[in-house]
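Undergrad: Can you keep this structure in mind? I'll have questions shortly.
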Amino acid sequence: MTDNTQVYTDLTVATMEVSDTAYGLIEDAAIVVSKGKVAWTGPKADLPQDYSAQTQISLGGRLVTPGLIDCHTHIVHGGDRAVEFEMRLNGASYEEVARAGGGIVSTVTATRAATEEALIASALPRVDAMLAEGTCVLEIKSGYGLDQDTELRMLRAARAIAQTRPVRVTTSFLGAHAVPAEFTGGADAYIDTVCIPALRAAHAEGLVDAVDGFCEGIAFQPEQIARVFDVARELGLPVKLHAEQLSNLGGAKLAASYGAMSADHIEYLDEDGVAAMAEAGTVAVVLPGAFYTLRETQMPPIAALRKHGVPMALATDCNPGSSPMTSLLLTMNMACTLFRMTPEEALAGVTRHAAAALRLDDCGRVATDLRADLAVWNVSHPAELAYRIGFNPLHSRIFGGQS
Ligand SMILES: [Zn+2]
């Protein structure tokens, strides 16, 4: 046994393992951390003698969960849209906002104008807010450059965040996010002459962990997304898709046909699409922050997802337009209140199922040999994490065994 082994006791652990017990809950538990991993967890009474002879660190009866995982964010971006938010609430029409340079165009303009350092600096306060709520893994997308240089710069900034803060970052190339103004009416030309070459360049630089797209009337058609996914397949990259957010174009089914990691938003998903996702092992990423901000009324098909056994992940969708939110705890509350998900589903959505959405098999649960990414909470029962609004009960965060 090495000196850097920590034995945590006087705690309740929500392992989030699939078991007969809700939340995989173990009361009066112990967790042994060694070399950045969980070496043992279970009831303290069963603690192996090697460990029980060690100095123990009391967690004062607190709850331990897996470190949280935010599997869908656009946290790297230039500028913000607060003034546009205000204009709309003062009665400006969509056209007036657009004429004033608002909408996604304003974020693209601000992101193109930002250096890599500026993109990192503006993202870090948002990242810090996430870490303060126990987040240990963060997915970050490109998609506000819509030209090759800026798409790559966004991804470099995303990679740099993991060098600057104790957090693991996975990246998604989202060149097929919107048609930039200079290609208005020319979505096909944009895909062929900008998006796909940028994807190849970003991959060559090691910047891409997955390939994403936005399949919607206001973005790209399924056949255009398929062209991007064909290149992803050729490069050996997994895919995911913003699908069925505002209408049903069959995006989730398309994504499932490529064995997608996840289909995200999915408010307009039908049962056929749910079945295709179940068959392909595609995770549903539910994003209540965007539903709330856009004041949508079409709910994602939670009952059908349950019926077909499709894992449901939750994420902030942190972005400057439709979900200016950094709180996974609030996301959990919204999923329960707006979509009637249970608190256990909500916690699984930001742990075990979020790991599945990112195809990570070394985190999202508290179990032997997984990373020691843990969140320690000042609560007595895990339901409290989804229950409170605007209250952060995090006591401490352990990242890769380091507190
Ligand atoms: Zn998104």
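Every residue gets a Cβ built from N, Cα and C, even glycine.
Pasting the relevant annotations from TrEMBL:
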type	residues	note
BINDING	His72, His74, His242, Asp317	Fe(3+) binding site
BINDING	His72, His74, His242, Asp317	Zn(2+) binding site
BINDING	Arg81, Tyr144, His177, Gln245, Ser322	4-imidazolone-5-propanoate binding site
BINDING	Tyr144, Asn319, Gly321	N-formimidoyl-L-glutamate binding site
DOMAIN	63-381	domain 'Amidohydrolase-related'
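On this model, are these features tucked inside or out on the surface, and what's nearby?
TA: In three-state terms derived from DSSP, His72 (Fe(3+) binding site) belongs to neither a helical nor a strand segment and is classed as coil.
The local packing around Asp317 (Fe(3+) binding site), expressed as other Cβ atoms within 10 Å of its Cβ over all shown chains, amounts to 29.
DSSP gives Ser322 (4-imidazolone-5-propanoate binding site) a coil state; it is part of no helix or strand. For Ser322 (4-imidazolone-5-propanoate binding site), the same-chain residues that are 6 or more apart in sequence and have a Cβ closer than 8 Å to its Cβ are Gly289, Ala290, Thr293, Leu294.
All protein chains considered, the CB of Asn319 (N-formimidoyl-L-glutamate binding site) has 24 other CB atoms within 10 Å.
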Undergrad: Express in Å, rounded to the nearest integer, the largest CA to CA distance found among the N-formimidoyl-L-glutamate-binding residues Tyr144, Asn319, Gly321 named in the record.
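TA: That value is 11 Å for the farthest Cα pair.
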Undergrad: Which residue among the binding-site residues His72, His74 has the fewest other Cβ atoms within 10 Å of its Cβ, if you could check?
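TA: So among His72, His74, the binding-site residues given, the one with the fewest Cβ atoms within 10 Å is His74.
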Undergrad: Return the members of His177, Asp317, Gly321, Ser322 (the binding-site residues) with CB less than 6 angstroms from at least one atom of ligand 1, or none.
TA: Asp317
Undergrad: Around the C-beta of His242 (Fe(3+) binding site), how many further C-beta atoms are within 10 angstroms, looking at every protein chain?
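TA: So the number of other Cβ atoms within 10 Å of His242 (Fe(3+) binding site) is 31.
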Undergrad: Neighbours of the Zn(2+) site His72, His74, His242, Asp317: Cβ within 8 Å of the Cβ centroid, same chain, sequence order.
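TA: For the Zn(2+) site, the extra neighbours are Thr73, Lys141, Asp264, His265, Val285, Leu287, Ala290, Ala315, Cys318, Asn319, Ser323.
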